[in-house]
Amino acid sequence: MNRTKGDEEEYWNSSKFKAFTFDDEDDELSQLKESKRAVNSLRDFVDDDDDDDLERVSWTGEPVGSISWSIKETAGSSGSTSEGREQMKGRNSFYTQLPKPPSTYSLSSFFRGRTRPGSFQSLSDALSDTPAKTYSPELGRPKGEYRDYSNDWSLSDTVRRLRQGKVLIFLKRTLSKEILFRELEVRQVALRHLIHFLKEIGDQKLLLDLFRFLDRTEELALSHYREHLNIQDPEKRKEFLKTCIGLPFSAEDSAHVQDQYTLLERQIIIEANDRHLESSGQTEIFRKHPRKASILNMPLVTTLFYACFYHYTESEGTFSSPVNLKKTFKIPDRQYVLTALAARAKLRAWNDVDALFTTKNWLGYTKKRAPIGFHRVVEILHKNSAPVQILQEYVNLVEDVDTKLNLATKFKCHDVVIDTCRDLKDRQQLLAYRSKVDKGSAEEEKIDVILSSSQIRWKN
């Protein structure tokens, strides 16, 4: 196609393509201007992670992992180079705090922390020489937020001052057990906080490992023992308690664990036998008084009450015998009498109550004795609706006169009050009590006879 000279000039002047030139400096300057426009058209390279559509290659054609690496300085010392850097300063707030590198090196090498051919200090060296706040270019956050191992443990020391439990929770979640235990061993306040926290959340496994590391044998044993509370099956709980017998408890605690194991073992036997008797309907006590609950996992006193209620007359050789339980678990006389009295009085078995307090001396004489005091006996009998004759018998056995009169008046044991006033020769008190009994009753007649007697020398 033939073109005139004017057409050619118009083509070259209007085309976006530049004519070829042998002037290296002019060509380099045009490259630098193109580079500046390309940089200005991009977003701030600190936020370049969102620009997934951009081709991540360097200007030399080398693929890189970040756009921040793709910014390359060109060789040259023209004024336009300084102008490009000034615009970059405006776009990156941290740029002013970095040392200015010589123009013979690229920014990509700077951010990678290594040099191009030649000598250039690394990124860590450059940052160490900078007194101002430093940044992590990849994250755009101050490096001071990232702490090393020793600084992390300076946080745990604040627990002593500020009681910041969240620090301990964070360390528990992020550190291995060995490191956590070793560091807490020299921080007793933080250690106590962690132990309390583990107990609250029920992390028995970590708590046992901690006590084992600290060589706290008794606390280790107690923590292991507490796990039986989470076992519902009686047989499995019994087997678990058996494993606790040999743990390094104190002598007193070891005896308690042994007793608990023995008690549960007996409860399992008693429960199986009584369930069979109750379902068969052949035993009168179970027909009249059906069981309201299972005996399994009940305390010792409850088990004794159960035995006194359902198995009171059994021989000592059986596991369910109250006497057997008393001897096996060394139950004191006071506790045994109090429990047996409550059980037999509830059944209104007054003969058993009488036999419970009757003792014989070596000459064969009988005497009533109550380790709990007869005033307690009277209160329990009245609570279980004992007849007045039974109440009067035991009120008379109270030794203290004032207590006897108060109990007799409270529970309307008229004969006891009248006889006591007569023995005290207290005419005024007897007259006052006469107004409290029914008119025309036998008690009123008895009081009149005593008041009219000439053989009594009244003190008032």
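FYI, residue positions are counted from 1 along the chain as it appears here.
Every residue gets a Cβ built from N, Cα and C, even glycine.
Swiss-Prot marks one residue of Ser58, Ser103, Ser119, Ser156 as phosphoserine, namely Ser119. Note on Ser70, Ser108, Ser122: Swiss-Prot annotates phosphoserine at Ser122; no matching annotation appears for the rest, which is not proof of its absence.
Between the stretches 121-141, 226-246, 310-330, Swiss-Prot puts its region 'Disordered' entry on 121-141.
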